[in-house]
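These features come from TrEMBL:
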- 7-26: transmembrane segment (TRANSMEM)
- 38-55: transmembrane segment (TRANSMEM)
- 69-218: domain 'EXPERA' (DOMAIN)
- 76-95: transmembrane segment (TRANSMEM)
- 115-143: transmembrane segment (TRANSMEM)
- 155-173: transmembrane segment (TRANSMEM)
- 193-213: transmembrane segment (TRANSMEM)
Amino acid sequence: MFLEVLIDPFVIFCVACIATPVVIQLETITQPEVIEFFAHPAMIGCAALLLITVAETKLFGKCVKLSFGQRLLARWYLLNGVVIHILMDGLVGVFKANRLFAENYAKLDRRYGDALGVFNGSTVHIVSLMELVVKGPICLLLYRAYHRGSATRDVLEFFTCVTQVYGTVVYLGQEAISGAPNLDVDYNLSFTFHYLLYFWFAVIFGCLLYLVVPTILGWRAYKRLVASSAVTQSMKLKKN
């Protein structure tokens, strides 16, 4: 199981996202700055939240046996909830928690550099606040629902996927219709390290990831909900 977690692509993705602000400044960053980065209350708090969620799910209730694919999906939602929605987009993106992290975020999208309340950053701030207070907690409930075999799983999954796709469309849509004034776009296709990291990976790959994966998972959840509703309706008709 431990090896399974280590080679999980999304685990690697999240670790890379967290480590990037430090790694790209290895030549200039000081030891106190590294300690400040990893010991920031936002980092410690989110690490604690992740551990508490896993412990509460697995130790204080009966869990069902999941397939390999289901375990991957459960971790996808767990890490989305804690790392992506709460830590990165919520605490760092909106409230600038963790100075080095926030500075790095502003490099990929200048709207993240704006303080809360500044009109230019209002769209991403609203999207990110929704991630912090709605999508993040629901993803944690969804992780729990997977492991407990809860009947609420499909509803939570469909809602989560719809909001993820919607948030991505709003985030990218504002830039797309206004000429991308806040994104550092690689118009010349130079593919330098800067553009590969902050545009092709962070913006293009990141947005594609949150359009494609939630669309597929949401569609599957929708079909299960429809099938379940049909069975329930059939049983009601038989009783009548």
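Including glycine, each Cβ sits where the backbone N, Cα and C put it.
By the count of Cβ pairs under 8 Å, the stretch nearest in packing to the transmembrane segment (76-95) among 38-55, 115-143, 193-213 is 115-143. On the 0 to 100 pLDDT scale, the domain 'EXPERA' (69-218) averages 96 in the predicted structure. Tertiary proximity for the transmembrane segment (38-55) is limited to same-chain residues at least six positions away from its ends with a CB under 8 Å from its CB atoms, namely 18, 22, 78-79, 81-83, 86-87, 91-92, 97-98, 101, 140, 143-144.
Residues of the same chain lying 6 or more positions beyond the ends of the transmembrane segment (7-26) and with a Cβ under 8 Å from any Cβ of it are 34, 37-38, 43, 72, 75-76, 79, 83-84, 88, 100-101, 103-104, 197. Across the domain 'EXPERA' (69-218), DSSP helix (H, G, I), strand (E, B) and coil residues number 120 helix, 0 strand, 30 coil.
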